[in-house]
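Feature annotations, courtesy of TrEMBL:
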type	residues	note
ACT_SITE	116	active site
BINDING	140, 142, 211	Zn(2+) binding site
DOMAIN	10-238	domain 'Class II aldolase/adducin N-terminal'
Ligand code: 2HA
Ligand code: ZN
């Protein structure tokens with residue numbers, strides 16, 4: 001079977017293109033990774049090349065031993081994922097210790113996995129543990145409005161969560177776990193991966209101040225939808241602040257009523 005016809009590849013290209021059209025991925029900005037299912041790994045067995053060298057991940061992710069990921073390439077443009085996937089993305093395999101990875105398909109002509117591969121794998125590891133393996137996607141986007149807010153709001157996850165929940169009624173239903181904030185850090189290494197991973201224990205959404213957003217989810221569609229919902233809410237907040245700020249809003253009691261009717265758990269820490 002041609003890998004390009006496989007459903008997960010088609011879904012990956014679809015959300016990459018949708019995210020590009022949203023304006024979240026200028027030049028080589030942002031990166032997406034997907035952990036393959038057992039069936040998908042079996043499906044690609046015939047085309048993978050096991051000969052490449054291992055590269056250190058930079059952190060240890062024991063529970064990802066022998067897992068396969070579809071990853072975008074370092075310096076590659078999200079808008080080109082639909083043009084030629086094997087030039088711009090590839091499959092990597094993690095070794096049995098969870099310390100190294102190797103490229104087994106794609107990333108041709110000397111391309112490397114995303115510069116944020118350490119943050120992605122760290123977050124995958126934490127989500128796999130926390131969700132008993134149901135989460136498979138990490139997406140990092142340069143979402144304009146969420147970034148803009150990191151210049152204005154205090155860099156406090158409780159403040160971001162509450163402000164963004166208030167901007168759209170469905171928000172606490174879509175991200176009841178709230179948002180974590182990483183203060184500005186040098187991207188691309190183990191320290192920012194550890195900081196992001198720590199927040200991923202509690203949240204599906206982590207914002208990197210003055211840089212972008214990380215979202216985690218079960219499927220490519222759900223993860224894109226989460227990113228889209230948070231960014232839409234951030235856009236409303238930017239408009240509200242530009243019009244002079246809130247004159248009325250959704251109250252803590254409104255949120256409690258919503259939680260009851262929609263059967264979601266909303267932590268009281270956001271409802272003070
Ligand atoms: O350029 O988004 O964070 C890729 C990135 C780095
Ligand atoms: Zn980035």
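Yeah, the Cβs are placed from backbone N, Cα and C, and that goes for glycine too.
Keep in mind that this is a model prediction, so the values were computed, not measured.
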Where residue 142 (Zn(2+) binding site) sits in the secondary structure, as DSSP reduces it to three classes: coil
Where the residue listed as 'active site' sits in the secondary structure, as DSSP reduces it to three classes: coil
Neighbourhood of the residue listed as 'active site' by C-beta distance under 8 A, where only residues 6 or more apart in the same chain count: 31, 140, 187, 188
Output field, Zn(2+) shell: CB within 8 Å of site CB centroid, site 140, 142, 211 dropped: 29, 30, 141, 143, 147, 187, 208, 212, 213, 214
Binding-site residues compared (140, 211) - the one with the fewest other Cβ atoms within 10 Å: 211
Protein Cβ atoms within 10 Å of residue 142 (Zn(2+) binding site), excluding its own: 19
DSSP three-state assignment for residue 211 (Zn(2+) binding site): coil
